[in-house]
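Below is one structure, written out as structure tokens; comments come after it.
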Amino acid sequence: MTRVRELSPYVELNRAQWRELRDSLPLPLSEDELVALRGLGEPVDLDEVADVYLPLSRLINLQVAARQHAHSTTTGFLGEDCGTKVPFVIGVAGSVAVGKSTTARILRTLLARWPDHPRVDLVTTDGFLYPKAELVRRGLMHRKGFPESYDRRSLLRFVTEVKSGAREVSAPVYSHTAYDIVPDEQHVVRQPDILIVEGLNVLQPGPSLSVSDLFDFSIYVDARTEHIASWYVDRFLALRETAFANPNSHFHHFAELSDPEARVEAEHLWSTINEPNLVDNILPTRPRATLVLRKDIDHSINRVRLRKL
Ligand SMILES: Nc1ncnc2c1ncn2[C@@H]1O[C@H](COP(=O)(O)OP(=O)(O)O)[C@@H](O)[C@H]1O
Ligand SMILES: CC(C)(COP(=O)(O)O)[C@@H](O)C(=O)NCCC(=O)O
């Protein structure tokens, strides 16, 4: 184990060192299950689940118990009922196209296999983007994914209600096909043991209480900006045969583009929207994460940085 710097709040481990912390926890995931969790262009294999995600699942399992204990201490101090469980909330942040959704889905599946917290729910923050009409009204159509394109107050209220133990809390749902919020769809969260909140900007601090203040643990999925740019372009090219091929897709007009034409479009979207958002808004939140998963150019996670203080 190497210390990042003397007196640093972080400890940095390479994959071999991190793998040791699995502590013989069995692998509760099959190849078929993993394939179903992988996003487009995400090559994560069972070795990576065993080396990286199992130690993480073990660490979070320990922290759920510790958090519950800390909560009971506070409720006992207040003379309130110590028996109620407060959902443990995990934030997953990182750039567009870095693979956050795959990380969040693998984590959700692994955490749900522990008998002490089987109910794990996952919400993506795209549901809290303003609807297209509102983004147009605010002049934010080219700022989708920037902090100001989200209804941050609703997101904060949603997580607060889940943490307060509300029986049912609804989140709006976003569709990449429609490029908009789906008017009549809701994701209903019913008293989970763990809630994962995944999105570009979940670690953003705010002028007052923000959603990251409610996180018990947070993960930043990280890679070099130029590697993420190439993953974004490759995924855009691949989407022509999948999502863009759907005539209802907002991006359907890209489906027929040649490789060089599609590359130009993807590079334009990257350099005008997603890269500035990464550099200006997302990367500055990285130091706030409890854990940073650092990916190599082949998407494999080769380093882990844990905040220990
Ligand atoms: N235009 C699109 N059409 C359909 N699916 C998309 C589109 N853009 C991104 N996705 C999918 O949405 C999910 C989230 O993508 P993104 O926000 O880039 O985060 P990440 O790649 O970090 O998970 C991914 O599974 C991705 O494949
Ligand atoms: C929907 C997103 C803003 C991500 O939302 P998140 O769930 O991370 O809050 C992003 O995937 C997106 O579509 N960005 C717009 C720019 C682009 O299409 O690349």
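Cβ from N, Cα, C; glycine included.
The following features are taken from TrEMBL:
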- G94, S95, V96, A97, V98, G99, K100, S101: ATP binding site (BINDING)
- 89-235: domain 'Phosphoribulokinase/uridine kinase' (DOMAIN)
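Counting only same-chain residues six or more apart in sequence, the Cβ atoms lying under 8 angstroms from the Cβ of S101 (ATP binding site) belong to G39, T124, E198. Taking the binding-site residues G94, G99 in turn and counting surrounding C-beta atoms within 10 angstroms, the largest count is reached at G94. What surrounds the ATP site, by Cβ distance within 8 Å of the Cβ centroid and not counting G94, S95, V96, A97, V98, G99, K100, S101, is the set L200, V221, I228 from the same chain.
DSSP assigns G99 (ATP binding site) to coil in the three-state reduction, outside any helix or strand. Among the binding-site residues A97, G99, S101, no residue has its Cβ under 6 Å from any atom of ligand 2.
For the domain 'Phosphoribulokinase/uridine kinase' (89-235), the number of residues in each DSSP class (helix H, G, I; strand E, B; coil) is 55 helix, 41 strand, 51 coil. Taking the Cβ of V96 (ATP binding site) as reference, residues of its chain lying under 8 Å away and at least six apart in sequence are, in sequence order, G145, L200, I228, Y232, N274, N277, L278. Using a 10 Å radius centred on the Cβ of K100 (ATP binding site) and all shown protein chains, the other Cβ atoms total 23.
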